[in-house]
């Protein structure tokens, strides 16, 4: 009987060590921190958006939590955003704004990494790409430069997204497809990419 108890204790201790070494989530973070991290991610998008409207997140999920020390961590989040009816100058909380409605209102899929210390946001990095009916792919992925443009000007500016230069050719083909689906209303902006400005300090 004693041998059986000792054997069970050894298995239990070994199993706990194994989970810790393989990244078993042992950090007990406050759910309020997750909400703050998501709000900071959306705020980062809205702060650099070209759109006159605020974006709001939905279908959010946490992908990973990395404990840096006993008081700091990073969170990897995935969420979707869509324009709301609230204008930027209103300074409203996007979470309280209604989504815009209509067939041509796009949805972007975003991933963010948020570094927190003492339960406060320190740094935020965000990367998004527009969703499509066929699903996302590497050729559709775009990185934030001047970020998201308004849905009212999406025809001429491809929503303000700046392409990843390493995938320039696939993105050019994608832009031609989007222009076929959403014909340009103003031919003066038929080639928006040379006008795009890249913000090197933001990913």
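Including glycine, each Cβ sits where the backbone N, Cα and C put it.
Record features, source Swiss-Prot:
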COMPBIAS  164-174  compositional bias 'Basic and acidic residues'
DISULFID  86-97  disulfide bond
DISULFID  110-128  disulfide bond
MOD_RES   90  phosphoserine
MOD_RES   138  phosphoserine
MOD_RES   139  phosphoserine
MOD_RES   166  phosphoserine
MOD_RES   175  phosphoserine
REGION    155-174  region 'Disordered'
SIGNAL    1-23  signal peptide
Cβ atoms near residue 86 (disulfide bond) (within 10 Å, other residues, all chains): 21
Proximal residue to residue 90 (phosphoserine) among disulfide-bonded residues 97, 110, 128 (C-alpha distance): 97
Rounded distance in angstrom between the Cα atoms of residue 97 (disulfide bond) and residue 110 (disulfide bond): 19
Rounded inter-Cα distance in Å - residue 110 (disulfide bond), residue 86 (disulfide bond): 20
Cβ-based isolation winner (fewest other Cβ atoms within 10 Å) among the recorded positions 90, 97, 110, 128: 90
Euclidean distance between Cα atoms of residue 128 (disulfide bond) and residue 86 (disulfide bond), Å: 21
